[in-house]
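As structure tokens, the structure follows; a few thoughts come after it.
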Amino acid sequence: MAAAMIWWPRFLLLLCLTCKGSTFYVPGVAPINFHQNDPVEIKAVKLTSSRTQLPYEYYSLPFCQPIKITYKAENLGEVLRGDRIVNTPFQVLMNSEKKCEVLCNQSNKPITLTVEQSRLVAERITEEYYVHLIADNLPVATRLELYSSNRDSDDKKKEKDVQFEHGYRLGFTDVNKIYLHNHLSFILYYHREDMEEDQEHTYRVVRFEVIPQSIRLEDLKTGEKSSCTLPEGANSLPQEIDPTKENQLYFTYSVHWEESDIKWASRWDTYLTMSDVQIHWFSIINSVVVVFFLSGILSMIIIRTLRKDIANYNKEDDIEDTMEESGWKLVHGDVFRPPQYPMILSSLLGSGIQLFCMILIVIFVAMLGMLSPSSRGALMTTACFLFMFMGVFGGFSAGRLYRTLKGHRWKKGAFCTATLYPGVVFGICFVLNCFIWGKHSSGAVPFPTMVALLCMWFGISLPLVYLGYYFGFRKQPYDNPVRTNQIPRQIPEQRWYMNRFVGILMAGILPFGAMFIELFFIFSAIWENQFYYLFGFLFLVFIILVVSCSQISIVMVYFQLCAEDYRWWWRNFLVSGGSAFYVLVYAIFYFVNKLDIVEFIPSLLYFGYTTLMVLSFWLLTGTIGFYAAYMFVRKIYAAVKID
């Protein structure tokens, strides 16, 4: 015990040092060196809104188009995220300034938006859509300068806090009028690479910013060869979009280059440090202290109580008194009695093992920086393939447990393991995808991708689950330390606090308390289009979650056995996943207080994906708690003498 107390602080220190470099990453692509006046291609990714949760491709709106539209070949993760990367008509040359340039200019005539196009643009603006562009694979960001008073200074000067917003707003509304950002001022930062004297200088793009502006048609002066002149100062009025009639306007842009000391390897730091790290650190450390303090108290109570019980029980002259005062030893002949529906239980636990292995590897690899943010969709692609290949471990654990529970139909059990949880996920996603298709969103998974996912499921995951299940079922079952009686013991009437739902509420508080702060950042990344790359923090929280779920599960099964209720298999699995109930409650709170979603389909998408998240989290935490409790039960009954 003393050795463990010495080891834990060292382990936490190591994890904290790992979290210190939580924004470290290994660049996923090789740097591109540009020479003077080399073209720097600007591509469009998609349009997003936190109000609708429906991404659209760039040319779903009447933007200016190049002569030939070319879409980038995308990986699985990009397709599932709704990315549709396409070229744009912006002409940008390395370290070459442009004061004002008109897009899709035909004989200096403005673009005319039809009534239908005007209504669509106005609708997207009122839905607060953002436009996402990339240059040299670097996403565009809008600089936000926030001012806060400095209390330490006597004159209380305002300090400027610079933050960045992903993408730029399509437009804005003011006094029931709708305005479009039709002029983009691009600011690109480059880093000059050190070269030998006889070689030409090369440049690398290290930041991509934009200042969106709305400029009325009458205030723009156009010249020859697509040039234009911007109005000076605040003399211009914004470009209004009237959804009830045709609108004429220009799409214009300007390019400004600035040299930067930021090196290419650190160019993503601007995007990955947008959250308040101090609050994040404080919350994480607070969770660590509280969780380990409470877990330590619970562990000490259980260990001391068990040591006393086992010592008394092993005294031959005191057996009768001990049997009367201690309940968990009275059910030794029934504690390993197989539960109802062992096939379903083992199948769910097998899927939980799949999830656990997948999540552990993904977080660990991302923490090491191997899933670079420049490799778009790499995280989701890796997670999908890992879940498929982890089927062999899920099948093995499910097969061995099923045999331990006296199961005989291993082929049916393997099929259940391979299809139960993935089938529910696929079914919900397919229904949601139909609604997304109906809205013509780029977030809809294309039919070929759907077929590819089915092929991965039945061509990779299912055979691997069968393979693992076969070897797991053939392996020697878990050795239970006591024999099971032929006649089941009568279970006494249970007190109210031993109710299953009460147990779920009690057991879920501690694991949820360990992760609810991190859950806020994850929800912000998913539903508000923010970057999330604090995988060092996430790995630490995951370890705390595993420890807290295990210890709470042990405490709950101990109290249940003390109440002479040996039906712990299903109950422990459900109770250990109790934190999923609090995740659901938090998701509802987040929906009501943080998001401005009012339409039916966005609400359906939110709660549909939330259902999948809660189900997966329940499987994960339930599996962790179940195996911890199973090891605990086998350990304590192996420590007592049974005649």
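The backbone N, Cα and C atoms fix where each Cβ goes, glycine too.
Going by the topological domain names that Swiss-Prot assigns, TRP410 and TRP527 belong to different sides of the membrane.
Of the two recorded stretches, the transmembrane segment (503-523) lies close to the transmembrane segment (283-303), with three or more CB pairs under 8 Å once pairs fewer than 6 apart in sequence are set aside. In summary, the transmembrane segment (418-438) lies against the transmembrane segment (348-368): three or more C-beta pairs, each 6 or more positions apart in sequence, are under 8 Å.
Along the topological domain 'Extracellular' (369-377), the predicted structure has mean pLDDT 80.
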